[in-house]
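Colleague: The following block contains the structure, expressed as structure tokens.
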Amino acid sequence: MEIIYFLIGFFASIVGAAAGIGGGVIIKPVLDFWGQLSLELIGFLSAATVFSMAAVSLVGTKKRAIKVEKGQSFVIAFGSIIGGLIGKGLFAILVEYLLPTRIVGLIQSILLIGILILIALFIKFRSSVKTYQIKHKVIIFLVGLSLGILSAFLGIGGGPLNVAILGWLFSMNTKQAAYNSIFIIFFSQLSAILLMLVTDDISLTNLGMLPIMIIGGILGGVLGTRLSERLSSIQIDYIFNSVITIIIIINFVNIIQSLQFQLS
């Protein structure tokens, strides 16, 4: 059983580090599909694994040709931290007071599919889409806030959203967007982990698989970072779109399974 958790964290982190998508967008639907864990536990495992991946990916910052756009990414990261708190709060309210857990999971899958389809279309047709160079700090903060709310509510690191938004609103190419996305993910996932620990959302007695997934995240982050240094923006685009397509399919399967359960 442990090897499955390791492989999920490892392969999600390779792709996450290489394409800037973080890995949570892979880990969450895959663990949903497996059906062995609660949504809260999946969210924590995803956040911890992605945080580990992001940390090792950022270690070699000074040696890389691509740098963090601090004026933008710091503000987005700060906004995403605040948004993450709001998103987690909305998720907790829905699960505890308003809707059954399976319905919330169904809503997450439907929203994620819609967002991923829009992102895939943007990446595919980005050459014909007008991009911008936003400089106003308040607008940049609001962008980060929105990303944080969506990512936290969906239980993902937010990588695909980050990459698309950085390309659209800040005119970054895919490689630049991928690296800055990892920077943003590092801070947003750190805040998510601390929040879940402080609010006792997660019982530490149920985290036997956590070290295995973190090891997978670290090793995958190292390998994915080295891979990204050797890939062109076009190749990263290809990986990005391929992974997005697979995730959309997995989420469709999760929706079908959830509907079958509701009707049975």
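Please read every residue number as a count from 1 along the shown chain.
Including glycine, each Cβ sits where the backbone N, Cα and C put it.
So TrEMBL lists the following for this protein:
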- 7-27: transmembrane segment (TRANSMEM)
- 39-61: transmembrane segment (TRANSMEM)
- 73-94: transmembrane segment (TRANSMEM)
- 106-126: transmembrane segment (TRANSMEM)
- 138-157: transmembrane segment (TRANSMEM)
- 177-197: transmembrane segment (TRANSMEM)
- 204-226: transmembrane segment (TRANSMEM)
- 238-256: transmembrane segment (TRANSMEM)
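Looking at the shown structure, what environment does each listed feature sit in?
Modeller: Non-local neighbours of the transmembrane segment (7-27) in the same chain are 42, 45-47, 49-50, 52-54, 56-57, 112, 116, 151, 155-160, 162-163, 174, 177-182, 185, 189, 212-225, 227-228, 231, 236, 239-240, 243, 247; each lies 6+ residues outside the stretch with a CB under 8 Å from one of its CB atoms.
Long-range neighbours of the transmembrane segment (73-94) within the same chain, counting only residues 6 or more positions beyond its ends whose Cβ lies under 8 Å from a Cβ of the stretch, are 43, 104, 107, 137, 140-155, 158, 162, 180, 183-184, 186-188, 191-192, 195-196, 199, 201.
When Cβ-Cβ distances below 8 Å are used as the criterion, the transmembrane segment (138-157) is approached by residues 16, 21-25, 28, 39, 42-43, 46-47, 50, 54, 72, 75-88, 90-91, 108, 111-112, 115, 165, 169, 184-185, 188-189, 192 of the same chain, each at least six residues removed from its ends.
Sequence-distant contacts of the transmembrane segment (177-197) (same chain, at least 6 residues past either end, Cβ-Cβ under 8 Å): 17-22, 24, 40, 43-44, 47-48, 50-51, 54-55, 57-58, 64, 66, 68-69, 72-73, 76-78, 80-81, 84-85, 88, 144, 147-148, 151-152, 157-159, 162-164, 166-167, 170, 228, 236.
Here the transmembrane segment (238-256) has Cβ contacts under 8 Å with residues 15, 18-21, 25-26, 29-30, 32-33, 105-106, 109-110, 112-113, 116-117, 119-120, 123-124, 160, 163, 174, 231 of the same chain, all six or more residues outside its ends.
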Colleague: Let me spell it out: take the transmembrane segment (204-226), skip the flanking residues so only those 6+ beyond its ends count, and list any with a Cβ under 8 Å from a Cβ in it.
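Modeller: Same-chain residues near the transmembrane segment (204-226) but 6 or more away: 1-2, 5-18, 23, 27, 41, 44-45, 48-57, 60.
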Colleague: Is the transmembrane segment (39-61) packed against any residues at least 6 beyond its ends, judged by a Cβ distance under 8 Å, and which are they?
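Modeller: Those are 5, 9, 12-13, 16-17, 22-24, 27-28, 31-32, 67-68, 91, 95, 101, 104-105, 108, 155-157, 182-183, 185-186, 189-190, 192-193, 196, 201-202, 206-207, 209-210, 213-214, 216-218, 220-222, 224-225, in sequence order.
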Colleague: With a Cβ cut-off under 8 Å, give me the same-chain residues at least six positions beyond the ends of the transmembrane segment (106-126) that come close to it.
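Modeller: Same-chain contacts beyond the ends: 25, 28-29, 32, 39, 94, 99, 150, 153-156, 160-161, 163-164, 167-168, 174, 237, 240-241, 244-245, 247-248, 251-252, 254-255, 258-259, 262.
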